[in-house]
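Below is one structure, written out as structure tokens; comments come after it.
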Amino acid sequence: MAASAAVRSSMGLTFRLSRVMPDCNTCPLNRLKSCVSGAANVQRRGSFDSFRTINRNLQTSKGLYHSEEGSSNAEDPEDVVNVVYIDRSGKRIPVKAKVGDNVLYLAHKHGIDLEGACEASLACSTCQVYVSADHFDKLPEPEEREDDMLDMAPMLQENSRLGCQITLTRDLDGIELTLPKVTRNFYVDGHVPKPH
Amino acid sequence: LMIPDREIILLQQQWVDIYERLPVPFGLVRFGVAPDHPEVKNVINTFTLTARNSRCSFYGNVNVGKDVSIEELQQAYHAVVLSYGAEGNRRMGVPGEDLAGVYSAKDFVGWYNGLPSCQELSPDLNCETAVILGQGNVALDVARILLAPTDILKKTDITQPALEALVQSQVRRVLIVGRRGPMQVACTIKEFREMVNLPDTRPEMMADDFEGILSLSICAVSDLPRPRKRLTELMMKTALEIPSEKEQERQSKASRVWAFRFLRSPIEILANPDNSRTVGIRLAVNRLEGSGDGARAVPTGEVEDVTCGLLISSIGYKSLPIDPSVPFDSHKAIVPNNMGRVQHTAGLYCSGWLKTGPTGVIATTMNNSFDTARSVVEDMESGTVDVSAARPGSQSISGLLEERGVKPVTFSNWEKIDSLEMSRGEASGKPREKLLTVEEMLQVARK
């Protein structure tokens, strides 16, 4: 059940301030138990004020996601997670991320075109990524709802996951995330049309 | 209306105008996605960002094909992309199809989602059993809206009249009927699981329907592609497994029932004595020839009558031709194209369901649209579409529309409608209370 959304683009990023009811089950802050507003404890979903609080926190916590590459007063180096995105043209984009970063929003922050149509609410499959073999097994098992959405992802592979469900940990240092190539004459069931 | 923001990024110097018949944007995201699937509607935020780009303009309340022709658009713009989807529906083609009590899923969904042209539907929900023909996600949406506790629905953006009708509804049993077998259902696991978990309802799947699958070796099921395998396993579990004690208790208390019925095709819709409304449906009993996606339903000669007071046909949408100057394949009901380039017509493109037919989820249609955008960009870069000379664009079209007494609704006009709907909704704990007529929308837009 979503409250209505207001949209504002900020700094040219797709990061949004919105009055969308958060789904604590999928929020990385909740998973890391670092949701300062205690949203998971909010029983009364009718309260708009608590959501504004949450969103304000999400916005200021942009600092959490802001990586300072090569900066001498960078945060604890133990917190750094090296990630490589491989975009749809095959270009490798290394990113210095931090523990706790969300793979989808991290991609957006770095201008990588990983779509997130439903905004991390497990209602689409547009943020599908292929995870490097060395790191795939280090990810926690997907919950049923993620598996259900992955079922609908085009060009699903054994190492597919939804980017919005991956939260970076130290274990995942060196992880490589490949964006599925969007091919021409594309069919959901993998059917390749015969030339005519 | 899948105009991707990629197109804006790629076309760095270009302007994009969007023409929409209704005063409000977003198409199926507003009128097709079920009210209890609000997260799917989050994509509206992405669309909104695109629409607010300074090089993008939205013109609602403009009926292309009537207020302005495709040819006029082609003269005014370097490229025209047709993205108007599939607003028709496939007919059953059986006697009784036009009786009262029989609706297309397209109209039923339009009704509860506030599509202005469907507001007079007033479906009669005073019967115990409803039959839905079709087993895709739209069929399941309809089943779920008919059976969901209204306490849940009243917090969604379902229209107020639909909510009131559902509160009064006598429907207690919904049969979801398909021509073929369990392994051919078109729905996806998320929607099936929602039925299994729907509060105050219980499933009435028939174990016999799954006998055929059981007799296949385990390998055959586990060899299936993952989505089909997981869905088949969940259906089998629902039909065959003895539920836990807790679940048995929950089911015994449930006041509503849903069921899938397989291997049944409609032959005739049965009428009451004065032939005014439906009282049931006559179904042909099929057997399957072949297996997998290519399996065919073959009538056995047996028939079965099912009593019902509400029949909803959910067998697929269909695109309609917009303008005689645009090629249209009436067999496939799509605009013939090559990677989004309309055949034999330079500068004309299509995307979305109009291009590929009316199936697929947001990710599929999104990728489909990106492909078309790429074709447009390629053609501009290669000179196939000549961008060396400027075209008048909206200036000339606006002039034409004004002459014809058509007043477009801009995106900021829409935002007034949006605001009003949201504030009306707040009063009743809903995300929005939709305006239900074009007149009201225009009134609010122009304030």
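Residue 1 is the first one shown; counting continues down the chain.
Every residue, even glycine, has its Cβ placed from backbone N, Cα and C.
Keep in mind that what you see is a predicted model, and the values were worked out from it rather than measured.
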Per TrEMBL, which of B:VAL64, B:VAL326, B:VAL385, B:VAL387 sits in the FAD site along with B:GLU20, B:LEU28, B:TRP353, B:GLY360, B:VAL361, B:ILE362?
B:VAL64
B:GLN135, B:GLY136, B:ASN137, B:VAL138, B:ARG179, B:ARG180, B:GLY360 bind NADP(+) in TrEMBL, but which of B:GLU191, B:GLU194 does that record place at the same site?
B:GLU191
Filter the binding-site residues B:LEU28, B:GLY136, B:VAL138, B:ARG179, B:ARG180, B:VAL361 down to the ones with a Cβ under 8 Å from chain A's Cβ atoms, keeping sequence order.
B:VAL361
One of the binding-site residues B:GLN135, B:GLY136, B:ASN137, B:VAL138, B:ARG180 has its Cα closest to the Cα of B:GLU20 (FAD binding site), namely B:VAL138
If we take the residues B:GLN135, B:GLY136, B:ASN137, B:VAL138, B:ARG179, B:ARG180, B:GLU191, B:GLY360 that the record assigns to NADP(+), their largest CA-CA distance in Å comes out at 20
May I ask for the distance between B:VAL361 (FAD binding site) and B:GLU191 (NADP(+) binding site), taken between their Cα atoms and rounded to an integer number of Å?
12
Cβ contacts within 10 Å for B:ILE362 (FAD binding site), all chains included, total 21
Across all the protein chains here, work out how many other Cβ atoms are within 10 Å of the Cβ of B:GLU191 (NADP(+) binding site).
20
If you pair up every Cα among B:GLU20, B:LEU28, B:VAL64, B:TRP353, B:GLY360, B:VAL361, B:ILE362, the residues annotated as binding FAD, what's the maximum separation in angstrom, rounded to an integer?
26
